[in-house]
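Data first, discussion second: the structure below is written as structure tokens.
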Amino acid sequence: MSTLETWPQVIINTYGTPPVELVSGKGATVTDDQGNVYIDLLAGIAVNALGHAHPAIIEAVTNQIGQLGHVSNLFASRPVVEVAEELIKRFSLDDATLAAQTRVFFCNSGAEANEAAFKIARLTGRSRILAAVHGFHGRTMGSLALTGQPDKREAFLPMPSGVEFYPYGDTDYLRKMVETNPTDVAAIFLEPIQGETGVVPAPEGFLKAVRELCDEYGILMITDEVQTGVGRTGDFFAHQHDGVVPDVVTMAKGLGGGLPIGACLATGRAAELMTPGKHGTTFGGNPVACAAAKAVLSVVDDAFCAEVARKGELFKELLAKVDGVVDVRGRGLMLGVVLERDVAKQAVLDGFKHGVILNAPADNIIRLTPPLVITDEEIADAVKAIAETIA
């Protein structure tokens, strides 16, 4: 039996049976078991930041697995320290005081990073956590409690208590929620760009307003950069576009370039709330995953991020000329293509015929999160293919 025939007989039915079997990849392209080549505009859902089979990752992972594969956090290893140092440097933007106050907790995924942030919020002793309507923070119970999408939560009620939802981007509404009892609000969670709901950027000034509100009432500002981080939007962290410094940042996806790794960065008092016994992880900080992350970070520097921003503008410019496209949202290489008709789901299926891998978070929206190494030529070819899928 083929892989696709065997799949539903052995895999729990969380995603259905995939339409194709992928067997290899290089850069921003992947190849299926029939030899068909596709431009990958999804990158494992914003995971393969450096594309497929990047030589820096291959070398780093191969060398590390040959030395030390796993040790647990009962012992120290050099790769985890080096990645933590680099993340703190990127977060602090070389502010020595901020860097000295920042610490990192490593885990295996975005959901786990958000679980850690949830615990940090709880450790403030305050009971209310405010999260955004339509936000997405993961599928584990804690991260799901923070997710403002009732259809994903309904089957698993009751949720962990204390989470309330505000309309994303509505500063006045959020302030009213806080001021009903400000001393009981532990944290405000937000994504700088909501990804799963169709790539919706926060309105201009919203992150700054949240930062000011948090400062006013001693509330933790927690930004979920699981999808937006590691250069995806043209800045290393998307919140840096708005010139704010959160108390806690969660990240994963692109950090390992394809290997599972997540991180929760906390600064100031938020970094001091976790103490021995309060949290833990078996696999978090795995030397091999950290070696991959170190390789990714060695490539994703300021010049690389500037190129991501430029490529994003090229994508927008070309997509704006496509019949049936009414808007292109997002920044860098995290884009939501808003269609005139509800054909996005069909476009995903038709994309295979035209040599592109697409994703549709809504009936009229195509989400593009390609490898950050995609070339201008591949972008042009991809836009032509998208035009054909929605024609």
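Keep in mind that glycine also has a Cβ here, set from the backbone N, Cα and C atoms.
For Ala111 (pyridoxal 5'-phosphate binding site), the same-chain residues 6+ apart in sequence whose C-beta sits under 8 angstroms from its C-beta are His137, Gly138, Arg139, Thr140, Ser143, Gly262. Annotated pyridoxal 5'-phosphate binding site per Swiss-Prot: Gly110, Ala111, Phe136, Asp224, Glu225, Val226, Gln227, Thr282, in sequence order, evidence recorded as sequence analysis.
Classification of Thr281 (N(2)-acetyl-L-ornithine binding site) by DSSP places it in coil, neither helical nor stranded. Per Swiss-Prot, N(2)-acetyl-L-ornithine binding site is recorded for Arg139, Thr281, and the stated evidence type is sequence analysis.
Sequence annotations record features per position, and here Swiss-Prot assigns N6-(pyridoxal phosphate)lysine to Lys253. When other Cβ atoms within 10 Å of the Cβ of Lys253 (N6-(pyridoxal phosphate)lysine) are tallied across all protein chains shown, the result is 29. In the three-state DSSP reading, Lys253 (N6-(pyridoxal phosphate)lysine) counts as helix.
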All-chain count of other Cβ atoms within 10 Å of Asp224 (pyridoxal 5'-phosphate binding site): 33
Binding-site residues compared (Arg139, Gln227, Thr281) - highest count of Cβ atoms within 10 Å: Gln227
Those recorded positions of Gly110, Phe136, Glu225, Gln227, Lys253 having Cα within 10 angstroms of Thr281 (N(2)-acetyl-L-ornithine binding site): none
Other CB atoms, at most 10 A from the CB of Phe136 (pyridoxal 5'-phosphate binding site): 24
Distance [Cα-Cα, Å, rounded] between Thr282 (pyridoxal 5'-phosphate binding site) and Lys253 (N6-(pyridoxal phosphate)lysine): 19
